[in-house]
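Colleague: Would you mind keeping the following structure in view while I ask a few things?
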Amino acid sequence: MKAVVLGSGGWGTALSQILCDNGHETYLWSHNPAKAAEMVRTRENPLLKGVYLSEALRITGDLDCLKGADLVVSAPPSFAVRETAKKMAPYLTEKSVVVSVSKGIERDTNLRLSQVIGEETGNLCPVVALSGPSHAEEVGIRMPTGCVAACRDADAARFAQDAFMNDYFRVYTSGDIVGVELAGALKNVIALSCGVCDGLGYQDNTKALLMTRAMAEITRLGEKLGGSRQTFGGLAGMGDLIVTCTSMHSRNRRAGILIGQGKTPQEAMKEVGAVVEGYFAALSIHQLSQRAGVEMPISRCAYEVLYEGKQVKNVVTELMTRAKKDELLETVRP
Ligand SMILES: NC(=O)C1=CN([C@@H]2O[C@H](COP(=O)(O)OP(=O)(O)OC[C@H]3O[C@@H](n4cnc5c(N)ncnc54)[C@H](O)[C@@H]3O)[C@@H](O)[C@H]2O)C=CC1
Ligand SMILES: O=C(CO)COP(=O)(O)O
């Protein structure tokens with residue numbers, strides 16, 4: 001099979017190495033030809049330090065690598081998914097399968113990323129969302145990892161499962177692409193918030209409280225928007241929430257730590273030096289939850305800190321002193 005990965009950040013690079021390990025003819029495309037040339041020379045991506053890229057992986061800045069591709073992986077930051085989909089569109093056929101691996105919601109339209117790709121490619125071929133607890137740094141060194149390949153087209157989901165699965169990368173299929181994509185985008189804001197707790201010096205009790213209540217609000221919005229409750233308890237939901245809220249690989253968590261220590265969001269993102277999707281998602285989620293009439297106290301507070309300059313200490317007090325509630329009934333005590 002011929003596979004092309006569009007987007008040479010840490011994640012696109014790690015995924016291209018999996019496809020290469022699985023014996024597929026694999027291309028990794030960078031939108032920056034100079035960066036592609038440098039990776040060809042060094043067999044390393046500065047965004048995934050210490051991972052040697054095998055000689056069989058074809059690294060290029062030429063979009064013509066898409067000619068005849070069976071599998072196209074869309075792996076840019078969410079803000080560049082639409083322009084990347086525009087670029088792939090002329091090369092796709094009805095037999096192609098696109099796998100979307102970015103985690104976010106498109107700004108302004110609030111569309112899921114598979115919807116954005118569908119719009120730009122005229123829904124010519126199926127788009128599968130691949131998501132789960134999977135830091136590129138660990139996949140790159142072949143640590144056992146699991147993800148979900150979600151698509152309403154079960155054959156396409158199985159095609160992606162077959163393409164990626166091996167003895168260090170386990171892939172489950174799912175028909176709930178809505179839930180899988182939303183879970184991946186929503187947890188980034190929570191990982192950032194968990195980092196803020198770390199930055200403020202709060203410890204394990206606080207983070208367990210935050211993660212558990214975050215699951216409740218993420219699931220609430222996800223279900224309202226058409227996702228399945230079960231998905232939020234699975235790899236793309238709970239699994240990814242755990243890994244990003246606890247790992248120092250997480251760019252969202254690292255940005256949050258810096259904000260908790262007093263940096264502005266812009267300073268924090270600059271210092272992290274890689275895409276912090278939770279910053280962008282916070283705005284879309286705020287709009288989506290307001291429109292759907294779904295209460296999301298933690299995500300709302302993250303939005304207020306990131307976009308309205310609210311002080312993190314004040315936000316924590318506000319969250320802790322909200323009206324008394326029943327955990328299961330979700331009702332407020334009169
Ligand atoms: N890094 C990880 O462990 C994981 C990342 N993801 C998701 O994958 C997506 C990409 O993240 P990373 O690979 O980590 O990013 P990164 O921060 O490592 O690198 C971003 C890459 O995007 C490229 N880029 C910038 N503008 C572009 C454009 N207009 N068109 C194409 N490429 C462009 C940059 O050159 C750079 O190579 C994000 O949505 C992220 O949430 C998902 C799972 C794991
Ligand atoms: O989604 C991820 C791991 O599953 C990556 O998270 P960060 O973007 O926070 O690094």
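Glycine too: its Cβ is placed from the backbone N, Cα and C atoms.
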Colleague: Would you identify which residue of LYS49, LYS103, LYS224, LYS310 TrEMBL lists as part of the NADPH site it also attributes to TRP11, HIS31, ALA136, ARG251, VAL275, GLU277?
Modeller: LYS103
Colleague: Cβ neighbours within 10 Å, counted over all protein chains: which one of the binding-site residues HIS31, LYS103, ARG251 has the most?
Modeller: LYS103
Colleague: Could you check which of these binding-site residues, SER134, ASP240, ASN252, sit within 10 Å of GLU277 (NADPH binding site), going Cα to Cα?
Modeller: ASN252
Colleague: For LYS187 (active site, proton acceptor), find which of the binding-site residues SER134, ALA136, ASP240, SER250, ARG251 come within 10 Å, Cα to Cα.
Modeller: ASP240
Colleague: Which one is it: of the binding-site residues GLY132, SER134, ASP240, SER250, ASN252, whose Cα lies the shortest distance from the Cα of TRP11 (NADPH binding site)?
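Modeller: Closest recorded candidate to TRP11 (NADPH binding site) by Cα: SER134.
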Colleague: Of the residues named as sn-glycerol 3-phosphate binders, LYS103, GLY132, SER134, LYS187, ASP240, SER250, ARG251, ASN252, how far apart in Å are the Cα atoms of the most distant pair?
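Modeller: Largest pairwise Cα separation, rounded: 15 Å.
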Colleague: Suppose we screen the binding-site residues TRP11, HIS31, ASN252 by Cβ distance to ligand 1 with a cut-off under 6 Å; which survive, in sequence order?
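Modeller: If the test is a Cβ under 6 Å from any atom of ligand 1, the answer is TRP11, HIS31.
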